[in-house]
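Marked as transmembrane segment by TrEMBL: B:12-39, B:59-82, B:102-124, B:167-188, B:195-221, B:241-263, B:296-313, B:348-368. Per TrEMBL, domain 'ABC transmembrane type-1' is recorded for B:163-368.
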């Protein structure tokens, strides 16, 4: 049972800022995902919580203890590494038992605990193999079993799925979600894959260049991105962003005129999602008119892209839609689906 | 399967195998030649005619020789013993719990050495004495063969004493080098600081110094060590000059930079994730080193240990300059056997000593060859 509090957490290497002013309270049993592009400080934040990286400033509390100066072993956390970090000289059984052994847990209970952990990740038949004899997915499950075997307060996962192929990733993702639900531990999960974040998280923290961009439930982050960066990072495809000008409630850009916006005059970045917009039935209905740049068949829909200014703008059309590249299309973008962002700072207006 | 792509022209095959054969001959010839010389009487050993050196008529005339039957029996015995040991020993020792397994290896090595000596020097000669007269032409001595030079070297000339000294010096060098080397190599491999980089560069500079510089630097200290150490050790303070301890100190100084560099590169191949996983799992820094990193490091430690062993075992300069007569090691002892006044008998005795000194190296490399080439780290991280 552990609530984790991060107070103004900072990490610097000389002049380089890794993480800056991170403030967050992670509730007991919450599944929190740290999301961001590589180099955004998400892994550094997790490593600071684990105790593998020294804290340059601020405070980390796990439960009611300040853990800043505690060794990793004294923090009661367990971690799954991106590379799995299995002990190559030990069998699967010995790997899973290792945390119990070094922590001096009563040897009589080892067997039962290892078996329970191995059963949870369906590893029972591989217990006597060495890591080198396992496939990537099996190694990943050994790493999971080693992390859950001693029932820690906090469960840390550093991009655990990034070395798996696409199909295995989906099934392991489901397994992780189910596992953490059963175990009822606070989990922090680092990823750069927004789909993992959306599917797994209770709450998502989007980070960029060491700073927190937005904290919220997946729905909040998807429906109301706090700035243009979050908007462009979440969703597949990313949100369309068009640079243009607002005059008397009408947004104009290359081939674009969207009216009915309640915004002051001046430059603006306007965003909308491909799945919210649709093709207009009549040219008079269209806010955007441009020639097709590419057309991609997705199976359940057809993705049409046009170029506005320098940016690609995508819209989802019915799966039976067909057209040649270069033919002009009309796109209906009502004002209510638009997300206005400041042209300079990218903050939501 | 020989596909058209993999098939080589006959001329290329002949050329490459011919070159290999020539190279083997050039590399192995000196060893084989002194091995042949060492079992012949001096007259044969220094004969001008190649074939006389090989067959040894003068040795035969002295009544020492070996029959075809004898050669066959000895070869069969050697082959049989190697097979027996290679098949039975690992599984026998595997039954001992891992913690006490090293005792098994030590005991096993002792039993094998004793057994081999018993078979080769007691059992087979007795057997041959009975069988040779019964075997007719096969039982007649055809090659001159005598072990008297080995007996002279090891027993009369006290080479055993030199062997013991060599072992003391070499084991000391290996032990100190590896202890310091693993700790330093691990620390330097895991540290990213500039200081670590400069320590490594300085180590390289010391490695580049001529060995005689180090000996010259240490010499006055060793000669006066009794006075220097008196305030600490009192009257028990030893004069290190001439003692194995002094040679160990100098050889470690020569060898340490190399072991640190080599072990560091082995440690760098072990992902830092392993230490971190161990620390999260409940180890202190040192426990992570001992329980997780060291077991993966054995091939590196053994390889580095072998190089340290060779340096200590083969060193001539330091040992000849710093050791007094009763602490002399094997290499300077052999060098001392050659001088202007030596007779051919003395020279053959020295040759026998030279052959004796290479045997342990062959055994060492053969025992550890698997560890030397093995890659235990495979599968540590993502595949």
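Just so you know, glycine gets a Cβ as well, placed from its N, Cα and C.
Automatic, uncurated: that is what TrEMBL annotation is.
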Proximity verdict for the transmembrane segment (B:241-263) and the transmembrane segment (B:348-368), three or more C-beta pairs under 8 Å: no
Interface check, the transmembrane segment (B:348-368) with the transmembrane segment (B:167-188), three or more C-beta pairs under 8 A: no
Beyond the flanks of the transmembrane segment (B:195-221) by at least 6 residues, Cβ under 8 Å: 187-188, 228, 240-241, 246, 249-250, 253-254, 256-258, 260-261, 264, 317-318, 321-322
